[in-house]
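Undergrad: A single structure is presented below for examination.
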Amino acid sequence: MSTDPLALCDPQPPGDFEPPPDGGWLAWLHAVFGAFAIFNCWGLNLSFGVFEAYYKTIYIPNHSHSTIAWIGSIQLFLIFFTAIVVGRCYDFGWSRVFFTGGSIGLVIAVYLTSLCKSWGALFAVQGILTGMMQGMVFCSGILVVTEYFDKNLGLAIGISAAGSSVGGIVYSLMAQHLLLTAGFEKTIQYMGIVVILTMIPSNIVLRSRRKKRSGKAQQAVVDFGFLRDPSYLMLLWGMFFSFWSLYFGFYYIVSYAYNVLQLPPEQSTNVLLVMLAANLPGRFVPALLSDRCLGPINTLIPSVLITALVIFLWIGTNTPSGLYILGAFYGFASAGLQSLFSPAITEFCRGDDGTKGLKNAVVFVAIGLACLTGTPIGGALIDSGNTPEGLPYLWAQIFAGGAMTLGGICFIASRVMKVGWGPVRT
């Protein structure tokens, strides 16, 4: 990978990073205001299930589920892919540039989205531009939060990650109540106001603890030697497979309720809201288990396997009440992966050898590639129509459940390669 874009970054040696306070009012303040940032990075994307259904039925009805899903999936991809630059520059103390610049860019992108009238414009602005800005905010922001914690890292990330659930609920409710009354343009503009009000305090509070080196800036030397670690590689594959299917439910449960169970639009959106509401406590329970006794990787394994089981159970769900219950379980179980993937990567960064940002970036890119292709593949399988009568989502559900299962198997392999089969916290 070329290091030219990083030439202005100042390398950060291991000795320039102090041990985290792991508590105190300032540290917890960072966890809370990190949630404000993630509120916009992930909350906007988690509400895309409402927009998916709206685009398909009203706004751009001539496009397939798979084609529309590319708007949300490219946004997800870029949230993570942007980390390949942001994560490395973070290693050299440049997180503030990306966080503030991304915040300003995100506001601009949201308001430009309100002007989009076609699939191409939505893909370029809501998908590409918004995703890049969210990636700058997310990667720089979440890495700054990790600087303040060690043993309480899981809980801190859980608090910050809860912003995505709250954001998903807020933006989904706004879309549900405003799209059909105020119209698309006004709905997005109102969302832009919320983005401004939540990003201002985050930019005031979040500050990196990394020390800037004095003297002439040096060119970055990118060392990918950690890719020779088999346990890290299995973690990488586990993240890819699990995120390949993670957002399938968030994107398609509204259209499933509307098209398969014939629920009215408002009730269909309520299924997603139930999922997001259950997702909120699901951020904290795995985080507490991780911090207090199990460790992030040990906690991640059952969370992913339970999510896979819930996806397979979705195949036989054919009543509204059953779908509400399944949505709640899906939201709760999947929250473990959403809140613990960053602490799990941090397990491979102990000692801070100067590659913490790069190690995170490589995993983020793998996750981004999974998010880019996962939901469109699911949409294509839904659109194919080659399913038994009454089960139009069957192949997509099997794909999602199978990918999540593979992710769990890879996490088990990573854990065994790292610490063996014994009862070790990791």
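Quick reminder: no glycine exception, Cβ is built from N, Cα and C everywhere.
It should be emphasised that the depicted structure is a prediction, and the values quoted were computed from it without experimental measurement.
TrEMBL feature annotations, pasted as is:
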TRANSMEM  25-48  transmembrane segment
TRANSMEM  68-90  transmembrane segment
TRANSMEM  97-115  transmembrane segment
TRANSMEM  121-146  transmembrane segment
TRANSMEM  153-175  transmembrane segment
TRANSMEM  187-206  transmembrane segment
TRANSMEM  234-258  transmembrane segment
TRANSMEM  296-315  transmembrane segment
TRANSMEM  321-341  transmembrane segment
TRANSMEM  361-382  transmembrane segment
TRANSMEM  394-413  transmembrane segment
Undergrad: Can you say which of 97-115, 121-146, 234-258, 361-382, 394-413 has the most Cβ pairs under 8 Å with the transmembrane segment (321-341)?
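TA: The stretch I would name here is 234-258.
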Undergrad: Does the transmembrane segment (68-90) make contact with the transmembrane segment (187-206) through 3 or more Cβ pairs under 8 Å, each pair 6 or more apart in sequence?
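TA: When sequence-distant Cβ pairs are counted, the transmembrane segment (187-206) does not touch the transmembrane segment (68-90), since fewer than 3 lie under 8 Å.
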Undergrad: Have the transmembrane segment (121-146) and the transmembrane segment (25-48) got at least three CB pairs under 8 Å, pairs 6 or more apart in sequence?
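TA: Taking Cβ pairs at least 6 residues apart, the transmembrane segment (25-48) and the transmembrane segment (121-146) are in contact, with 3 or more under 8 Å.
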Undergrad: Please determine whether the transmembrane segment (234-258) and the transmembrane segment (394-413) are in contact (criterion: at least three Cβ-Cβ distances under 8 Å, sequence separation 6 or more).
TA: yes
Undergrad: Which listed range (153-175, 187-206, 361-382, 394-413) shows the maximal number of Cβ pairs under 8 Å with respect to the transmembrane segment (97-115)?
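TA: When the Cβ pairs under 8 Å are tallied, 187-206 comes out ahead.
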